[in-house]
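Have a look at the structure below before the remarks.
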Amino acid sequence: MGKLHEKFAGFINNRWLVFVAAMWIQSCAGIGYLFGSISPVIKSSLNYNQRQLASLGVAKDLGDSVGFLAGSLSEILPLWGALLVGAVQNLVGYGWVWLVVTGRAPVMPLWAMCILIFIGNNGETYFNTVALVSCVQNFPKSRGPVVGILKGFAGLSGAILTQIYATIHSPDHASLIFMVAVGPAMIVIALMFIVRPVGGHRQVRPSDVTSFTFVYSVCLLLAAYLMGVMLLEDLVDLSHTVVIIFTVVLFVLLLIPFVIPVSLSFFLDPVEEPLLHETLKQEPGKSGQESPEVIFSELEDEKPKEVDLLPASERQKRIAQLQAKLFQAAAEGAVRVKRRRGPHRGEDFTLMQALIKADFWLIFFSLLLGSGSGLTVIDNLGQMSQSLGYDHAHIFVSMISIWNFLGRVGGGYFSEIIVRDYAYPRPVAMAIAQLVMAVGHIFFAFGWPGAMYVGTLLIGVGYGAHWAIVPAAASELFGLKKFGALYNFLTLANPAGSLVFSGLIASSIYDREAEKQAHGNNYLIQNSGSIFPGMFGPNEPLKCEGSVCYFLTSMIMSGFCIVAVVLSMILVHRTKIVYSNLYGKSRG
């Protein structure tokens with residue numbers, strides 16, 4: 001009995017249990033991606049035009065990305081308390097929107113609806129912050145896979161919740177808003193005491209490789225299954241019983257990763273591997289006060305430039321020799337060791353220290369242009385599909401959610417290969433993702449046959465990859481100590497990009513083209529003096545048809561994605577030496 005009790009205690013504190021619970025929380029933490037499905041019912045119920053709907057979309061994106069409060073509360077409150085705050089915000093915000101849309105509460109002005117959407121979606125920031133902070137600390141040697149999988153499940157949550165909604169089979173489309181309000185809150189409250197740091201750096205085991213491979217396999221199976229189910233439901237008129245069976249299988253797939261902590265805790269011998277050798281124990285992104293750190297500035301001053309061009313093993317040998325000489329000189333008083341004014345790349349930064357670094361702003365603006373343009377597509381996917389003649393917008397919402405998921409999982413996996421096997425900067429993977437997105441925007445612009453399918457694939461994969469690569473790169477360049485604050489600041493790039501691309505560009509062009517089609521040739525004469533045509537037009541929503549609705553918007557976003565590629569490659573050039581120092585040892 002005592003041994004069983006010990007194993008159960010080990011199970012409760014197993015970092016893989018924390019990881020699996022975080023995956024489940026993240027699977028309902030991407031409710032913002034359902035905005036494309038709930039926006040049509042909001043638009044029709046409240047009689048909004050496209051510009052007013054875009055305002056709600058920007059408020060949603062702000063709520064999803066303004067995580068300063070979440071980052072601060074996660075350092076003050078216990079992590080379960082931060083999750084509880086997020087669950088309450090989600091329930092109150094979207095619950096009130098549901099009451100307004102269904103007529104159970106009085107209609108509110110647009111600014112008040114924006115506040116409600118902001119509050120409801122801001123709950124996501126608590127879910128994301130707690131899940132990422134806990135699991136990155138539990139798996140400091142596997143940041144890419146951990147971040148990619150967790151953010152992947154957040155991206156897949158749109159497809160998961162859509163499938164659950166199909167099971168409910170309610171003719172009232174507003175019930176989707178009710179599900180968005182209640183479902184995530186229930187799941188988070190049920191799991192909030194499990195997700196927390198458990199000291200994973202002392203639990204490095206050979207089983208980790210097998211466990212990650214198993215999780216990746218489940219992720220691919222889950223994505224393929226959801227894709228097949230969505231396509232089948234779109235092409236064939238299935239009975240409600242079959243839809244329920246599909247949803248039950250979905251829940252089984254989501255539960256499969258639970259076998260990892262169970263097997264590790266109850267069926268395998270939990271013997272820890274020896275800790276890393278002292279010289280290799282220092283984690284990337286973790287600073288110390290030992291002598292090697294103190295004289296790092298002197299080492300940089302004395303190191304010949306040609307040393308950086310040597311192979312990794314030879315470079316480390318030469319740096320070690322130079323370091324030994326500096327130690328001896330410092331001990332004899334020949335060198336006066338300088339105390340650094342601030343941390344170097346790869347050490348722990350505070351947010352204020354990071355804000356004065358060019359690398360941090362390169363990441364921010366590259367993310368703004370790349371993810372901001374992708375988010376604009378996600379938010380406008382319902383109108384984009386309708387303009388090209390597709391009746392079932394929710395299919396594309398689900399598809400881009402699945403590609404978003406695969407982009408996050410794949411982005412974490414391949415960026416980890418880049419840094420582990422080649423010691424090359426992780427942001428190069430971000431440049432590749434942005435190039436893929438630039439091509440995807442061109443498909444949307446021209447509206448070729450099948451463009452919606454190809455476009456959702458390319459934009460979904462590229463957009464998703466950003467959210468696996470950026471958090472891992474930020475933790476490597478600026479440390480783990482203040483990771484929550486750093487991550488939540490970087491996420492501000494999402495609403496900033498959405499404000500520019502969706503709130504100012506896409507909605508204005510859409511409404512202008514819609515009014516052109518509604519009023520014919522008289523449009524130019526009647527509205528020649530208006531900067532934003534349609535902003536003060538009739539209350540009845542206008543619809544635009546044809547690829548012209550989003551042609552100019554998509555071409556603009558494609559161009560900005562190319563600019564993002566350039567910014568990412570500048571960051572790659574600036575951080576080559578950093579990644580060689582962080583990961584060159586493992587190759588040498």
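Glycine too: its Cβ is placed from the backbone N, Cα and C atoms.
Feature annotation from TrEMBL assigns domain 'Nodulin-like' to 15-262.
Taken from TrEMBL, the feature domain 'NFD4 C-terminal' covers 354-518.
If you look up TrEMBL, you'll see 16-36 (among others) marked as transmembrane segment. Here the transmembrane segment (16-36) has Cβ contacts under 8 Å with residues 56-57, 60-61, 63-64, 83, 90, 94, 120-121, 124, 127-128, 130-131, 134-135, 138-139, 146, 149-158, 160-162, 176, 180, 183-184, 187-188, 191, 194-198, 211, 254, 257-258, 260-261, 264-265, 378-382, 393-394, 396-397, 400-401, 404 of the same chain, all six or more residues outside its ends.
As annotated by TrEMBL, transmembrane segment applies to 77-98 (among others).
Away from its own ends, the transmembrane segment (110-136) comes close to residues 15, 18-19, 22, 25-26, 28-32, 46, 48, 52, 55-56, 58-67, 69-71, 73-74, 79, 82-83, 85-97, 100, 143, 146-147, 150-151, 154, 180-181, 184-185, 188, 195-197, 471, 475, 480, 483-484, 487-488, 491 of its chain (Cβ-Cβ under 8 Å, at least six residues beyond either end). Taken from TrEMBL, the feature transmembrane segment applies to 110-136 (among others).
Long-range contacts of the transmembrane segment (174-194) within the same chain, counting only residues at least 6 positions beyond its ends with a Cβ under 8 Å from a Cβ of the stretch, are 17-18, 21, 24-25, 28-29, 31, 34, 37-38, 41-42, 45, 79-80, 83-84, 86-88, 90-91, 93-95, 97-98, 101-102, 120, 123, 127, 161, 164-165, 168. As annotated by TrEMBL, transmembrane segment applies to 174-194 (among others).
The annotation transmembrane segment is assigned in TrEMBL to 214-232 (among others).
Residues or ranges marked as transmembrane segment in TrEMBL: 238-260 (among others). Non-local neighbours of the transmembrane segment (238-260) in the same chain are 16, 20, 23-24, 27, 160, 163-164, 166-167, 169, 211, 214-215, 218, 221-222, 225-226, 229, 232; each lies 6+ residues outside the stretch with a CB under 8 Å from one of its CB atoms.
Beyond the ends of the transmembrane segment (360-378), by six or more residues, the same chain brings 33, 35-36, 61, 354, 384, 397, 400, 404, 427, 430, 433-434, 437, 440-441, 444, 455, 459-460, 462-463, 466-467, 470, 473-474, 477-478, 489-490, 492-494, 496-498, 500-502, 506, 553, 557, 560-561, 563-564, 567-568, 570-571, 574 to within a C-beta distance below 8 angstroms of the stretch. Annotated transmembrane segment per TrEMBL: 360-378 (among others), in sequence order.
According to TrEMBL, the transmembrane segment annotation covers 393-415 (among others). Same-chain residues lying 6+ beyond the ends of the transmembrane segment (393-415) with a Cβ under 8 Å from its Cβ atoms: 30, 33-34, 36-37, 40, 144-149, 151-159, 162-163, 216, 219-220, 223, 226-227, 230-231, 234, 377-378, 381-382, 384-386, 426, 429, 433, 452-453, 456-457, 459-469, 472-473.
Within the chain, the transmembrane segment (427-446) has long-range Cβ neighbours (under 8 A, six or more residues past its boundaries) at 363, 366, 369-370, 373-374, 377, 384, 407, 411, 414-415, 418, 452, 454-455, 457-459, 461-463, 465-466, 469-470, 473, 547, 550-552, 554-555, 557-559, 561-562, 564-565, 568-569, 571-572, 575. Annotation source TrEMBL lists transmembrane segment at 427-446 (among others).
Within its own chain, the transmembrane segment (452-474) is flanked in space by residues 132, 136, 143-144, 147-148, 151-152, 154-155, 363, 367, 370-371, 374-375, 377-378, 381, 384-385, 388, 390, 396, 399-412, 415-416, 425-427, 429-430, 432-434, 436-437, 439-441, 443-444, 483, 486-487, 490, which lie at least six positions past its ends and keep a Cβ under 8 Å from the stretch. According to TrEMBL, the transmembrane segment annotation covers 452-474 (among others).
Sequence-distant contacts of the transmembrane segment (486-510), counting only residues of its own chain at least 6 positions beyond either end whose CB sits under 8 Å from a CB of the stretch, comprise 50-51, 53-55, 57-58, 61-62, 64-68, 70-71, 125, 129, 132, 349, 351, 354-355, 363-365, 367-373, 375-376, 379-380, 383, 470-471, 474-475, 478, 532-533, 544, 549-550, 552-553, 556-557, 560. For 486-510 (among others), the entry in TrEMBL reads transmembrane segment.
TrEMBL lists 550-572 (among others) with the feature transmembrane segment.
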| query | Which residues of the same chain, at least 6 past either end of the transmembrane segment (550-572), have a Cβ under 8 Å from a Cβ in it? | reply | 359, 362-363, 365-367, 369-370, 373, 376-377, 380, 384, 387, 424-425, 427-428, 430-431, 434-435, 437-439, 441-442, 444-447, 501, 505-506, 509-510
